[in-house]
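Have a look at the structure below, then the notes.
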Amino acid sequence: MTFDATILTLYPDMFPGPLGLSLSGDALSRGVWSLEARNIRDHGLGRHKNVDDTPAGGGVGMVLRCDVLAAAIDASVPADDPRPKLLMSPRGKPLTQARVRELAAGPGIVIVCGRFEGVDERVIEGRGLEEVSIGDYVLSGGEMAAMVVLDACVRLLPGVMGKEASGQEESFETNRLEYPHYTRPREWEGRPIPDVLLGGNHATIEKWRRAESDRITRERRPDLLER
Ligand code: SAH
């Protein structure tokens, strides 16, 4: 079973982009997942293939038309397609590792990338789009946000990461930030690797890591501990 991603964008050439390299790129060429980037402009109106118009009620910028976007969705996604349809949006529910896990366990995703001031509200309702944000800042378009969602999902697909286990112990899987990592050399610019990590006592190492993880989470993200 593969994980199939369909992206609706005004800039299909941005894909696969960075997703074509490294872990996700290897998995893409091995057929673990598939990626199809469709151009919204193919459904644009008139000789100039217009996709946007001025906001009703006035104001700056342009808004993606609902009829154009719906035509693009309908042409790429059959009505009985089981995949969740996401709209990248700063107004959306912030993406979490828990939602990423759910998405990665499913058949794939359809992602609509906004541009300009955003999209006409009616297509969000009419096509049941789930608005998802990747953080409290504003990007110029949804493409990079879509890549973030895809990268987070693809690395969880079976056989993508070297060790399956490496997905389990990481930040956010346990509502804890990860403990610090070290590797050779043993001492660097006067900074040694903590002795406990070199002692070979796995129980003590485990205890130290848990304590460090708690300390870092308390200092940086106390909100995680309350979840
Ligand atoms: N006027 C909008 C911002 C539009 S930014 C507002 O104030 O909310 C243009 C597009 O970039 C959006 O439609 C969305 O698809 C994408 N985008 C911008 N910031 C994002 C974020 N934090 N998460 C997900 N998508 C984002």
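Here the Cβ of each residue, glycine as well, is placed from N, Cα and C on the backbone.
Under the heading domain 'tRNA methyltransferase TRMD/TRM10-type', TrEMBL lists 6-226.
Cβ neighbours within 10 Å of Asp136 (S-adenosyl-L-methionine binding site), excluding its own Cβ and spanning all shown chains: 7. The annotation S-adenosyl-L-methionine binding site is assigned in TrEMBL to Gly114, Ile134, Gly135, Asp136, Tyr137, Val138, Leu139.
Taking the binding-site residues Ile134, Leu139 in turn, the residue surrounded by the fewest other Cβ atoms inside 10 Å of its Cβ turns out to be Leu139. The binding-site residues listed here are Gly114, Gly135; among them, Gly114 has the most other Cβ atoms within 10 Å of its own Cβ.
In the three-state DSSP scheme, Gly114 (S-adenosyl-L-methionine binding site) is classed as coil. Mean model confidence for the domain 'tRNA methyltransferase TRMD/TRM10-type' (6-226) is a pLDDT of 96. Less than 8 angstroms from the CB of Val138 (S-adenosyl-L-methionine binding site) sit Pro90, each of them six or more residues away in the same chain. Long-range C-beta contacts of Tyr137 (S-adenosyl-L-methionine binding site), restricted to its own chain and to partners at least six residues apart, with a cutoff below 8 Å, comprise Pro90.
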